[in-house]
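*Asks:* Pulled the feature table from Swiss-Prot, pasting it below:
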type	residues	note
COMPBIAS	548-557	compositional bias 'Polar residues'
COMPBIAS	599-610	compositional bias 'Basic and acidic residues'
REGION	540-565	region 'Disordered'
REGION	593-665	region 'Disordered'
TOPO_DOM	1-21	topological domain 'Cytoplasmic'
TOPO_DOM	43-61	topological domain 'Extracellular'
TOPO_DOM	83-112	topological domain 'Cytoplasmic'
TOPO_DOM	134-137	topological domain 'Extracellular'
TOPO_DOM	159-163	topological domain 'Cytoplasmic'
TOPO_DOM	185-208	topological domain 'Extracellular'
TOPO_DOM	230-238	topological domain 'Cytoplasmic'
TOPO_DOM	260-297	topological domain 'Extracellular'
TOPO_DOM	319-325	topological domain 'Cytoplasmic'
TOPO_DOM	347-362	topological domain 'Extracellular'
TOPO_DOM	384-400	topological domain 'Cytoplasmic'
TOPO_DOM	422-447	topological domain 'Extracellular'
TOPO_DOM	469-1281	topological domain 'Cytoplasmic'
TRANSMEM	22-42	transmembrane segment
TRANSMEM	62-82	transmembrane segment
TRANSMEM	113-133	transmembrane segment
TRANSMEM	138-158	transmembrane segment
TRANSMEM	164-184	transmembrane segment
TRANSMEM	209-229	transmembrane segment
TRANSMEM	239-259	transmembrane segment
TRANSMEM	298-318	transmembrane segment
TRANSMEM	326-346	transmembrane segment
TRANSMEM	363-383	transmembrane segment
TRANSMEM	401-421	transmembrane segment
TRANSMEM	448-468	transmembrane segment
């Protein structure tokens, strides 16, 4: 199509009849293009963005959505004004005003925006096809969506141009009407919120914020709108009226679109709380709960089918305009159709094949985000052209509207900058989902998204500082034309008319120069859609000559000067003889139009007609540009569970029972929790609490026998073992949650008991046992010596060569047959520095493990009186001397004896040991040195395998080989006093290598006095096996009763069960949502515990791989193995019975959160079971006072050790416990949640006439309401106390 045909093209949606200049026909001409453009804002991606924002953040983003809607109205209005005034599209003006590289970049952005719109349209039709015909094959749906929208244009191609334009307008209007009225009328139950809610922004909401921005404003629509209306040229008297018509049309249509978005957000917010929907099926099912009329989803799908035709048409128009003017490529419309479909169907098929329904949902949101990324740089040319006096003349935007455009640009730019900063430096849940850390399929690489965001922001800043080519000459033009001469002021009216006539001819040539290269003639009905011309244009343009004289005679003399873009080019253009095809252009049309521009551009005070567009926004509130992050880390080394799954190496593989990818049948997958995951969650919680409470919240018989009532504070009876207390002893607290805070002095008997003869060996055991802590860094050894696993790995060769040197501590007899398994009982404290220096000096030069001789062990502050210490010291020295120990051994023994233990703990593997082997029923394990059990286990397997491969030679094995052998003995022997080692071919059944092995134990059934501990074997330190109670107050006998053991055993098993339950919860797909809620100190504590457990689980397997352990246990066995030893960092450790109470509060809140959005009666029943059992935790959680929780070293140290695997040194961890953020969950908070659940569940209903609607839903509601009523009754009574 040549320049004449380009000027005469009109909107394909213009369906008005003859236009004589009245207001109504002008309105129809403006309404057609607006309807055509608005269909692009009602596709599936926009709908999903609104529902997702409302389901996750409620009404927090409604005000910002309103601002985005105003921005869309402003942009579309300016685009219509540009096309109407200049008669050119925005792409054509950009081609003239910007350099070629800039135009190409703008064209790439517009093309990407077109592609994302086409992609969302294909997905919308495909999913609509599947839902309408109940067909599950997405590939077939995509093929259907690719072919069907192209059939209608060819079906109506035989119709006339005017009929095609009218039909397009009717289709667009019908689709928009069904979309708006269908969704507004179909759901009267949800009240619309009229209160203005100030936006509550955070890093988590940046994702939904960008999706809403891209859903409300699209960059390619600017070019399409200006191109569609560019043929609607009117006289100066009609331009102002057209402006009002365009404003009214855009405002009317986009107001309806915003109402629909607001209804969707409000409905999703009322029916869901903090929900992340992952599939379109989830969205449809959620909407089924909201809408009363079951026809609403069907109407929406029909709208998608009708709108696909309009979107396909506008995409082809936009592609043609963009490619012709910004790229300089001329293709027919059919070619643009094929190109768009080809580029859109490839990612659609790939996403459907690889990612499924969940991936399609994520891609729909990402498409909206990409649209938002392209906006800041795309609106700069629009705003610059609209405010340019040289281009728009008298119709440039007003100052107030120019300020609004500037604020709109800042809002878009700040939104992109915040999103980019969150992607680069944030740790939000949606970012982990984009990176694939949550187990969700990665449909779009996050690195590509970050790159697009950074490039878009940089290009936006470049465009902001780059003026138009005509703007760069504005000063020169103003200097040339703004100062009128005195001669012009004295000219007569005839002279002024002659001047105007000259300018008419000049402007005619100049306007001809503006017309770009001819356009390609469209084919068939696509041609008719673009070339439809209203018959009324001839009548309007026939009066132009008479309007010229009126315009010229009523203006000042100087107002006849014509503006030019480049004066040098204008002079040359005047002398050019135009070719013949351009002559038919009406000179009267161009001359009149150019004269009006020259008149109004130089005399703003004397205009023919002054029409100021009304302001589009009644408020100029600037959106905040600072997002307040709610998920701040609690410390530099304490990652929060809000980081979902962390790096990819920390992502857990789901268990056998989980069903990843269950997207098509799941309702609202709460941040990845699908239907199967929610079912598994309920089963896990029911299993754990089923060991404690029955379905009435009463303690089970098994739990009562294990004293769980005392542990949890359900029964305040004093244990029978505490009845025999001396009058001088302190009163024993009745609740074990208070007993957890007792110091080591409570474990020591009185001096009378310590000096008794029959307890000398027991006291000696006690002296040596009290030195051992239970967690890393809890004792002096952990503060003085901490070796990371990388050090052990890098210096394993040096340790193998130097290990034998550590065997010279004691001059005790050894056996030549098995001396490779001999291990010294201990390393003297005063010899430690020399040993470290010697190892450091003789180590392998390739070793990177520095042994710091300055880190000497420091004695812990003793909590017992000095008199007791002196008595113990004297008695132990006498006993050691009587057993034949050397003075150096006695000195080392006394030094170790002064080290106090913070707390002790029973190892479950020994608690459930075989009592027939002759051991006591209960035995303790004391842990002091750093937890390197995983390293010992790894080195054991590797070295033993090496030993076997080497022919089983015993005498040549090194120190770590003996450690591995004894580690095997420790892990495979269960409380046997003289049990043979696991590797009989390597070691005889009995090893008398210790200095006390020659002395008979006073208790024949006791285990070996110098049994090696896994944490001590690396340093050669042995610990005593105590047979005394941990809780032994002053004044009591040194003996131990079974009640004391029962208490500690019960606490151990309870905490082990809790730890195993958390580990299973972490393996649920999408478990990140469970551990990133901000609900107070209980939830924060459980979140941090879960984070540490996750790192420890992965750290165990990583250490085995790091040290070359080829025989790795299965996942479940590995978890059980590493959980045999619970962490314990002292009296402030969180691993105590009160942690179970916090976990109970956490479970109540999670189950209520799930019940708030659950719509399946089967899961209602499972939640009811869990809530029934959790009634038992209400008393200790809400009736009794609880002390403030502190983040102990267990929540920090383990993370630091795991994170230091690749460093050469590790700083000792002695952090001060800090308070857990937030306060305890109160009964009133739970009552509010229960009210919300009751309201949400009462509105759920199934389809009438079905078993689900008539039986399952009512019964499920009844059961859930029953347990919630019991909760309300019990919590209400507790709140009044």
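For all residues, glycine too, the Cβ spot is worked out from N, Cα and C.
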*Asks:* May I ask whether the transmembrane segment (62-82) has at least three C-beta pairs under 8 Å with the transmembrane segment (401-421), counting pairs 6 or more apart in sequence?
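*Replies:* When sequence-distant Cβ pairs are counted, the transmembrane segment (62-82) touches the transmembrane segment (401-421), since at least 3 lie under 8 Å.
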*Asks:* Residue list, the transmembrane segment (138-158) vs rest of chain: Cβ under 8 Å, 6 or more residues beyond ends.
*Replies:* 121-127, 129-130, 164, 167, 305, 308-309, 311-313, 337, 341, 344-345, 348-349, 352-353, 356-357, 360, 524-526, 528-529
*Asks:* Could you tell me how many residues in the topological domain 'Extracellular' (347-362) are helical, how many are strand and how many are coil under DSSP?
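*Replies:* Going by DSSP assignments, the topological domain 'Extracellular' (347-362) contains 15 helix, 0 strand, 1 coil.
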*Asks:* Counting a contact as 3 or more Cβ pairs under 8 Å, with residues at least 6 apart in sequence, do the transmembrane segment (164-184) and the transmembrane segment (448-468) touch?
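*Replies:* Answer no: the transmembrane segment (164-184) and the transmembrane segment (448-468) share fewer than 3 Cβ pairs below 8 Å.
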*Asks:* Are the transmembrane segment (363-383) and the transmembrane segment (298-318) near each other by the rule of at least 3 C-beta pairs under 8 angstroms (pairs 6 or more apart)?
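*Replies:* Touching, no - the transmembrane segment (298-318) and the transmembrane segment (363-383) miss the threshold of 3 or more Cβ pairs under 8 Å.
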*Asks:* Looking only at the topological domain 'Extracellular' (43-61), how are its residues distributed among DSSP helix, strand and coil?
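*Replies:* Residue counts for the topological domain 'Extracellular' (43-61) by secondary structure: 14 helix, 0 strand, 5 coil.
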*Asks:* If you count every Cβ pair below 8 Å, which range out of 62-82, 209-229, 239-259, 326-346, 363-383 shares the most with the transmembrane segment (113-133)?
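*Replies:* The listed stretch sharing the most Cβ pairs with the transmembrane segment (113-133) is 363-383.
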*Asks:* Cβ under 8 Å to the transmembrane segment (363-383), counting only same-chain residues 6 or more beyond its ends: which ones?
*Replies:* 44-46, 48-49, 52, 75, 78-79, 82, 90, 93-94, 97-98, 105-106, 109-110, 112-113, 116-117, 119-120, 123, 207, 210-215, 217-219, 222, 280, 347, 351, 355, 402, 405-406, 408-409, 412-413, 415-416, 419, 434, 443-444, 449, 452-453, 456-457, 459-460, 462-464
*Asks:* State the mean pLDDT for the topological domain 'Extracellular' (43-61).
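*Replies:* Averaged over the topological domain 'Extracellular' (43-61), the predicted model reaches a pLDDT of 82.
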*Asks:* Six or more residues beyond either end and a Cβ under 8 Å away: which residues meet both conditions relative to the topological domain 'Cytoplasmic' (83-112)?
*Replies:* 7, 219-220, 222-223, 225-234, 239, 242-243, 246, 318-319, 321-327, 370, 374, 377-378, 381-382, 384-385, 391-393, 395, 456, 459, 463, 466, 468-471, 514, 516, 565, 593
*Asks:* How about long-range neighbours of the topological domain 'Cytoplasmic' (319-325): same chain, 6 or more residues beyond its ends, C-beta under 8 Å?
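*Replies:* Result: 89, 91-92, 94-95, 103, 107, 110-111, 114, 220, 223-224, 227, 331, 333, 336, 339-340, 516-517, 519-520.
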